[in-house]
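Shown next, in C-alpha cells, is the structure this report addresses.
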Amino acid sequence: MRHPVPASSSSPMMSMPRMGRDDVIKGTDDDAIISKLQVSAVDLGYLDDPFVKHFVKRPSRRPPLINRGSYLRTRSLDALTEQFIRGTLGLSTKTVSPPSTLSAATSSSTSSSSPAPPTPADATPLVSPIRKQIVSLGCGSDTRYFKFKSEGLSAHKYFEIDFQESTAKKAAVIKKNKAFTDIIADPELKLGLGGTELYAKDYCLLSGDLREFVDVIVPKLKAHGFDTSIPTLFLSECVLIYIQPSDSDAVVDWVGNNMMASLFVVYEQINPTDAFGAMMLRNLKARRIELPGIHAYPSLVSQQERFMSRGWLAAKAVDMNDLLASLSDVEMKRISSLEIFDEVEEWQLLAQHYCVAWAFQVKAQSENERERLVDFFYSSVST
Ligand SMILES: C[S@@+](CC[C@H](N)C(=O)[O-])C[C@H]1O[C@@H](n2cnc3c(N)ncnc32)[C@H](O)[C@@H]1O
C-alpha cells in the first residue's frame with residue numbers, strides 16, 4: 001500500500017533549514033491552498049473558486065485521493081458557512097428539522113436544545129434577517145469571504161486571523177488585485193500595522209497568535225467592530241490541532257462563555273493511534289509538522305465531548321466517509337467523472353482520519369429568543 005500524506009504533499013518551505021516550529025506551521029497553508037487550486041474549477045472542476053489561483057505561485061499536481069479530500073473538506077465547510085449566512089430567525093419555534101448527515105447531534109438535556117421535531121405542517125414562520133459575523137481562525141490563504149461575497153452572500157462582518165507573516169502576504173495579494181478589491185467594494189479599504197492587516201467595512205484581516213486569543217486577539221477583534229451579541233460562526237479549518245490543547249481549549253471556552261450565540265466548526269485529523277494514524281503522524285513528523293491537539297481529541301466522540309463537556313448546547317462530528325456518503329447521486333457521479341479514482345480502500349482509511357465537527361452555544365436573554373436561535377443553528381448545520 002502506498003503511504004499517502006493526507007494533508008497534502010510537501011511544500012517548498014519544508015526544505016528550508018533551521019526553521020522554527022511556527023514557521024513550519026505557517027507553511028502548512030501553502031499545502032492547503034495548492035490542494036484547493038488543484039480541485040478548483042481552473043484545474044479539475046471539483047469546486048468553483050476563481051480566487052484561489054491568486055495565492056498559488058507554484059501549482060503542483062495532487063493525487064485523486066488528496067483531491068477528493070480537499071473537495072469534501074471545502075464543500076462541507078462551505079455548506080455550513082452558506083447555511084449560516086442564509087439563515088433567518090423564525091418568529092415561531094420548532095420550525096426546523098434536525099440535520100441529517102451532520103445531525104443526530106449530542107445535545108444537553110435542556111428541552112430547547114434537543115433536536116427539534118419536524119416542522120408542523122401549519123407552521124408558517126415569520127422570519128427576520130439577522131446581523132451575523134464570521135471569524136476564520138488561522139485563515140491562511142482561504143478565499144471563502146471572496147467566493148461567497150462574489151455570489152451575493154455576505155455577513156455583517158468577516159474577520160480573518162493568522163500569524164503576522166501570513167496575513168502580511170495575504171494583505172499584499174488582496175490590496176494589489178482588483179479581483180479582490182472589487183469584491184470588498186469599500187473605498188475606505190486600508191492596510192494597517194505596516195501592511196500586515198487589512199480593514200474594510202465588512203472584512204478585517206487581523207494578525208495575531210491564537211495562543212494569545214483571550215488577551216490579544218479578542219481585544220483586537222473588539223477594536224475592529226466585533227460584536228459578542230450577534231450570532232457568530234467560528235471556523236477552524238485544520239488550525240486548532242496545531243496548537244496545544246490548553247490553548248485551543250481557551251479559545252473554545254472563551255467563545256462558549258462570552259458569545260451570545262455561536263457556532264463553532266472544526267475540520268481536523270483524528271484517529272492517531274491505529275496503523276494508518278501512526279503512519280500519518282510519522283509522515284508529518286518527517287516534515288517537522290506536529291499535531292499537538294490530536295491526542296486530546298482523537299475520535300469523533302471526543303470531538304463532540306470537547307464542546308459538550310464545556311457546556312455547549314449541541315455538538316456533532318462526522319468523518320469524511322460520512323461526508324462522501326451524504327453526496328447526492330448526481331454530485332457523486334459528477335465528481336467521479338472528473339478523474340480516474342481507483343484508490344477506494346486507501347480512501348476509506350484516509351477518510352476515517354479526518355473529521356468535521358460542529359457545536360453551538362446560545363446564551364440568549366429570553367427563552368423565546370433562545371429557542372429561535374437554537375432553531376437557527378440547527379438549520380445552519382442541516383444538510
Ligand atoms: C493548514 S493551514 C489552514 C489554512 C486555512 N484555514 C485553510 O484551511 O485553507 C493552518 C493555518 O493555521 C495558522 N495557524 C496555526 N497556528 C496558529 C497560531 N497559533 N496563530 C495564528 N495562526 C495559526 C497557520 O499559519 C496556517 O495559515
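Note that Cβ sites are derived from N, Cα and C of the backbone, with glycine treated the same way.
The record from TrEMBL ties Arg73, Asp209, Leu210, Glu237 to S-adenosyl-L-methionine, and of the options Gly138, Gly152 it ties Gly138 to that site too. Less than 8 angstroms from the CB of Gly138 (S-adenosyl-L-methionine binding site) sit Ile161, Asp162, Leu210, Ser236, Glu237, Cys238, Val239, Leu240, Tyr242, each of them six or more residues away in the same chain. Only Gly138, Asp209, Leu210, Glu237 of the binding-site residues listed as Arg73, Gly138, Asp209, Leu210, Glu237 bring a Cβ under 6 Å of any atom of ligand 1; the order follows the sequence. Most buried of the binding-site residues Asp209, Glu237, judged by other Cβ atoms within 10 Å, is Glu237. Long-range neighbours of Arg73 (S-adenosyl-L-methionine binding site) (same chain, six or more residues apart, CB within less than 8 Å of its CB): Glu237, Cys238, Tyr267, Met320, Tyr354, Val356.
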